[in-house]
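Student: Pasting a structure below so you can have a look.
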Amino acid sequence: MAVGGAHSAGGPGVQRGHGISKRPAPGRTPRPGGRGAVCLAGAQKPSPCQCSRITARNRKNCGFPGVTPETCFSAGCCFDSTVPNVPWCFHPLPKQESEQCVMEVSARRDCGYPGISPQVCASRKCCFSDTIVNVPWCFFPIPVEGGSEDGSCNGHGEQVTSATPLDPCPAGGAAQPTVLQPRVGSATKCHMLCRVLGPTWTFSQHQGEPKSAAET
C-alpha cells in the first residue's frame, strides 16, 4: 500500500472477499492480579500501527497458549496481553509505505473512484492498494499520533510507550521514573508500543528522595 490510493472495487468481473480476518481461537487469559503488557517484536518488528490498529476480534493467532513475549517477538509478531480470551501473540497488519495507510480493510474510507490510478490517488494525498477487490483501492489515510510516522522513538531507534507518565510529584510521597504500562491505540490512533528505557523505579509514601528498584 502506498500513499496515493485508488478506489475500491477491484477490476470488473473479479470477486473476492474483503479480507477481514475471522475471530481467531482464544489465547491465554490474564493471570489474577497481573498487569497486561504490550510490546512489539524486536528483530523485524512491526510498526506501531501494524499492531495497534487490529481489533481484538480480528487477531490471527501467531503463537500458542502461554507463549512468551520473546518467542512471539522472534517470530516477528505482535504481543498484547491486555485483552482476555483472544490471541495475545498475533500477526501484524500488512506493512505499508506510510504508517498512515496501515489499517484494517473495514476502516478504509473511499477517496477515489473505480479505475483510479495510483498517481491520481497520490495527488489527492490518499493511500492506494489494489490487492483486495470490492473494497476502496484509493482511501483516506488515518493520522498517526503518539510518535513519528516511521515508528521511531528515540536515538536508539527503540519504540517506547506514549502512555501518560506518572505525576513526578504526587501528593503524599515522592515518585520516581517508572516503566510505564503501554496501551493499545484505538482505531484512529497509533500509540508507541513497548517499554520506556531505563531502570524500573519504585514509589515510596514516606521518602523524600527517589530510589530505584535496585536500591530497595
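Just so you know, glycine gets a Cβ as well, placed from its N, Cα and C.
These came from TrEMBL, pasted as-is:
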type     : residues      : note
COMPBIAS : 7-16          : compositional bias 'Gly residues'
COMPBIAS : 23-32         : compositional bias 'Low complexity'
DISULFID : Cys62-Cys77   : disulfide bond
DISULFID : Cys72-Cys89   : disulfide bond
DISULFID : Cys101-Cys127 : disulfide bond
DISULFID : Cys111-Cys126 : disulfide bond
DISULFID : Cys121-Cys138 : disulfide bond
DOMAIN   : 49-93         : domain 'P-type'
DOMAIN   : 99-142        : domain 'P-type'
REGION   : 1-37          : region 'Disordered'
Student: Can you give me the Cα-Cα distance between Cys138 (disulfide bond) and Cys126 (disulfide bond) in Å, rounded to a whole number?
Tutor: 6
Student: State which of the following disulfide-bonded residues has the fewest other Cβ atoms within 10 Å around its Cβ: Cys77, Cys111, Cys127, Cys138.
Tutor: Cys111
Student: Can you tell me the CA-to-CA distance separating Cys62 (disulfide bond) and Cys111 (disulfide bond), as a whole number of Å?
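Tutor: Distance between the two Cα atoms comes out at 33 Å.
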Student: About how far apart, in whole Å, are the alpha carbons (Cα) of Cys121 (disulfide bond) and Cys127 (disulfide bond)?
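Tutor: So the Cα of Cys127 (disulfide bond) lies 7 Å away from that of Cys121 (disulfide bond).
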Student: If we check Cα distances from Cys111 (disulfide bond), which of the disulfide-bonded residues Cys77, Cys89, Cys101, Cys127 wins as closest?
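Tutor: Checking each of Cys77, Cys89, Cys101, Cys127 against Cys111 (disulfide bond), the shortest Cα distance is to Cys127.
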Student: On the 0 to 100 pLDDT scale, where does the domain 'P-type' (49-93) sit on average?
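Tutor: Summing pLDDT over the domain 'P-type' (49-93) and dividing by its length gives 90.
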Student: Taking Cα atoms as reference points, rank the disulfide-bonded residues Cys77, Cys101, Cys126 by distance from Cys89 (disulfide bond) and give the first.
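Tutor: That would be Cys77, the closest of Cys77, Cys101, Cys126 to Cys89 (disulfide bond).
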Student: Looking only at the domain 'P-type' (99-142), what are its DSSP counts of helix, strand and coil residues?
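Tutor: Helix, strand and coil residues of the domain 'P-type' (99-142) number 12 helix, 5 strand, 27 coil.
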Student: Taking every protein chain shown into account, which of the disulfide-bonded residues Cys72, Cys126 has the largest tally of Cβ atoms within 10 Å of its Cβ?
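Tutor: That would be Cys126, with the highest Cβ count within 10 Å.
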Student: For Cys121 (disulfide bond), list the number of other Cβ atoms lying within 10 Å of its Cβ atom.
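Tutor: Summing over all protein chains shown, Cys121 (disulfide bond) has 27 other Cβ atoms within 10 Å.
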